[in-house]
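Comments concern the structure below.
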C-alpha cells in the first residue's frame, strides 16, 4: 500500500539541509509555544474522556461498570489498527504543509464533534445507549489518534538537535499537564454549575464537553498555522512502502522498551485517574476532594520544567527512572494517609507522586524521537510516522486495558452506583487507585534498566549527520 497526497502551491517545502546546519538552528519561541499548545488542546477534551467517562457512563448515562470495562477493552482492539494506520498515513503524506501538520487541519473538527457526542445522553433504550456509547467512544478514540500522533511524529522534523527536542517536549508536556489539570479541576464544578448543582446532570456534562471541544478545535488550527517541518532528509521526501517502514522497527530495542513503558505506565495511571471520584466519594466520604486532588497535577509542572536540566546532567534514562521511583513512594504515602482518613498525608503523597510522573511524561516523546534516529542508524530506514504512531497506540492501549481492569475490579468487588459500598467494593476502589499504579510504575522502572541509548547517542548522531550529508550531496549531483 502506498498513499501519496501531493499538493503544490506557493508555500514552499523546507529545503533539505545537512544535519550540521540543522543543529545550529533553534526552534523560535513562538513556534515552541504553538507546538506545546497541541498537547494542551488534546488534554482539554481527551482528559475529560479519560478521567470522567467511566463515572459519566455508570452514574449519569446509566450503564454498568462491567459493560463499560468491556467497551474499553473492545476499543483497544480497534486501537491495535488505528495507531499504526495513522502512522502509515503520515509516512505516505506529502503536502505543501509537510507530513504531520495537515492532520491538525483535517481532523480538528471531527475530533471536536465526537468529543461532545461522548457526553451526550440520547433518549434511547438501554441497549441502544450501549450501541451509542460504542460508536461515540471508539469514534473519539480513533480521531484522537489522528490529532495526537502528529504531535510526536512531527518532533523529529522540528529539529534534529537532541537538547532542543528535550526543550520542545518539556514545554509541550508543561502545557499538556496544564490542560489536564485545568479540566480535572474545573470539570465537576462546571458540571454542577450548568446542571443546577448536580455533578450527575446530563446537561451539565454536555455543556462542559461542548465548551472544551470548541476551545480545543480552535487551538489545533493555531498549532497548524504556526509550526514548520524543517528537518527533511532525502528519504523523508519519498513515500516509503509499508514493508520498508516496518524495517525501522527491526532490532530497535530502545523503541520496544519505550513502547512497553508507555503501555504499562498509562495502564496504571488510568486505573488511578478513573476511580479518583469514586475513591473520594466512597472511601474518603467527600467527593469534593476529588477536584482538589486532581488539581495538584500542577506540581508536576515543576518536574517538567527541570527535566531538561536533569536529563542533561544525569541522562534521560536516569531522570525517568527517578520519576518512576518517586511515583511509587508517593502512592505508598497516599495509601498510608487513606487508611487513617488523613487528607494532609494523602495530599503529600499525591504531590510526591505527581512530581515523579512529571519527569516521566516529559521524556517519553523525546525517547521515541531518539528511537526514530536509532531505527535509521541501525536499519537505514527513517519512518517517523510508523515508529511514533505506536506511542499513541501503546498509551491508549494501556489506558484502555486500565479502563477494562478498573471496570472488572469494580464489578468483582460488587460496586453499585450511588449506594453505600460494601467493604469488598471499597477494597476494589483502593486496588485501582493505589496498587495497580504501583505495579505499573515498578515494571516500567525495571524496563528502564535495559535502555542504553544515552550512552551511544553521540556516535549515533554523528553517523547520521555524515549519512545525511552524503545523501544530500548525491541528490544535488543528480539535479
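Placed from the backbone N, Cα and C atoms, the Cβ positions cover glycine too.
Annotated transmembrane segment per Swiss-Prot: 54-74 (among others), in sequence order, evidence recorded as sequence analysis.
Packing against the transmembrane segment (102-122) from elsewhere in the chain are residues 38, 45-46, 48-49, 53, 56, 60-61, 86, 90, 93, 95, 128-129, 132, 136-137, 139-140, 143-144, 146-147, 149-150, 202, 205-206, 208-210, 212-214, 216-217, 220-221, 223-224: each is 6 or more residues past its ends and has a CB under 8 Å from a CB in it. According to Swiss-Prot, the feature transmembrane segment maps to 102-122 (among others), an assignment based on sequence analysis.
Sequence-distant neighbours of the transmembrane segment (131-151) (same chain, 6+ residues past either end, Cβ-Cβ under 8 Å): 35, 38-39, 41-42, 46, 49, 53, 57, 61, 63, 68, 71-72, 74-75, 78-79, 82-83, 86-87, 90, 100-101, 103-104, 106-108, 110-111, 114-115, 117-118, 120, 122, 124, 172, 220, 365, 385, 388-389, 391-393, 396. Feature annotation from Swiss-Prot assigns transmembrane segment to 131-151 (among others); the stated evidence is sequence analysis.
The transmembrane segment annotation in Swiss-Prot covers 174-194 (among others) and rests on sequence analysis.
Residues annotated as transmembrane segment in Swiss-Prot: 205-225 (among others).
Residues or ranges marked as transmembrane segment by Swiss-Prot on the basis of sequence analysis: 253-273 (among others).
Counting same-chain residues at least six beyond the ends of the transmembrane segment (289-309), those with a Cβ under 8 angstroms from any Cβ of the stretch are 51, 163, 166-167, 170, 173-174, 177-178, 180-181, 184-189, 276-277, 279-281, 319, 323, 343, 346-347, 350-351, 354-359, 361-363. The transmembrane segment annotation in Swiss-Prot covers 289-309 (among others).
If you look up Swiss-Prot, you'll see 321-341 (among others) marked as transmembrane segment. Non-local neighbours of the transmembrane segment (321-341) in the same chain are 265, 279, 283-285, 303, 310, 314, 347-360, 363, 430, 434, 437-438, 441-442, 444-445, 448-449; each lies 6+ residues outside the stretch with a CB under 8 Å from one of its CB atoms.
As annotated by Swiss-Prot, transmembrane segment applies to 348-368 (among others), with the evidence given as sequence analysis.
What Swiss-Prot records for 397-417 (among others) is transmembrane segment. Sequence-distant contacts of the transmembrane segment (397-417), counting only residues of its own chain at least 6 positions beyond either end whose CB sits under 8 Å from a CB of the stretch, comprise 50, 54, 58-59, 64-70, 72-73, 75-76, 79-80, 83, 262-271, 274-275, 278, 424-429, 431-432, 436.
Residues 253-254, 257-258, 260-261, 264-269, 271-272, 274-276, 278-279, 283, 317, 320-321, 324-325, 327-328, 331-332, 334-335, 338, 356, 360, 367, 402, 405-406, 409-410, 413 of the same chain sit 6 or more residues outside the transmembrane segment (431-451) yet have a Cβ under 8 Å from a Cβ within it. Here Swiss-Prot flags 431-451 (among others) as transmembrane segment, drawing on sequence analysis.
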Note to self: If contact means at least 3 Cβ pairs within less than 8 Å, sequence distance 6 or more, would you call the transmembrane segment (253-273) and the transmembrane segment (348-368) in contact?
What the structure shows: yes
Check: Which sequence positions outside the transmembrane segment (54-74), separated from its termini by at least 6 residues, show Cβ-Cβ distances below 8 Å to it?
Finding: 119, 121, 126, 129-130, 133-134, 137-138, 200-202, 205, 274-275, 277-278, 400-401, 403-408, 410-411, 415, 417-418
Next item on the list: Could you pull out which residues elsewhere in the chain have a CB under 8 Å from any CB of the transmembrane segment (205-225), counting only those six or more residues past its ends?
Entry: 34-35, 37-38, 40-42, 44-45, 48, 52, 56, 60, 97, 101-102, 104-105, 108-109, 111-113, 115-116, 118-121, 147, 183, 187, 190-191, 194-195
